[in-house]
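J.: Following this message is one structure expressed as structure tokens.
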Amino acid sequence: MQDELLDKKSRCFMLCSSDIFVDDKTYGILAFLTLKEEKKGSVYIAQCAVEAEKKRHGYGAHLLRHLGMIYPSGTYYWGLCRRANLPAVKFYLKQGATLMDDEDVAEKYGYDPTLYTGFQFTDTIGSLPSSKILSSNPPDNFEHKLPTPSAPREKQQPST
């Protein structure tokens, strides 16, 4: 396991403020993106997170667009996301991602496709025309595949 970690190149990008003080709260890191470089031309998006109070301000999209300055055109970006995290799934789709087949999630990556969905960018991130991005929504049957929670849950903030 340790050798595998040493063989892979990982990166973390952060958007930071200069310690803005707002409503008795100090902001330092606004958002971060962690990646693992797989085989040549393939990058796994491990996590994209934005401070809860700063979501929906474009920080997550900015981090993803930054990848186009780091990696060559044609790089394949992919990741996995819990199906229950519908705001995150919608975020990646809005950025131009497409959903992977459930079979790929199970066979290639070993995750339960009833709990996880895979997303992929088959084009350069942020280069898709806005008409294509705006029409990217989960399939009509996507939400009905979500597991039913055993107990009522509190309303969560959208996550990216």
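We count from 1, first residue shown onward.
In case you wondered, yes, glycine gets a Cβ from its N, Cα and C as well.
According to TrEMBL, the feature domain 'N-acetyltransferase' maps to 1-122. Positions annotated as compositional bias 'Polar residues' by TrEMBL: 130-139. Taken from TrEMBL, the feature region 'Disordered' covers 130-160. Positions annotated as compositional bias 'Basic and acidic residues' by TrEMBL: 141-160.
In terms of burial and nearby residues, how do these features look in this structure?
T.: Per DSSP, the secondary structure of the domain 'N-acetyltransferase' (1-122) breaks down as 36 helix, 51 strand, 35 coil.
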J.: Roughly where does the domain 'N-acetyltransferase' (1-122) sit in mean pLDDT, to the nearest integer?
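T.: Mean pLDDT for the domain 'N-acetyltransferase' (1-122): 86.
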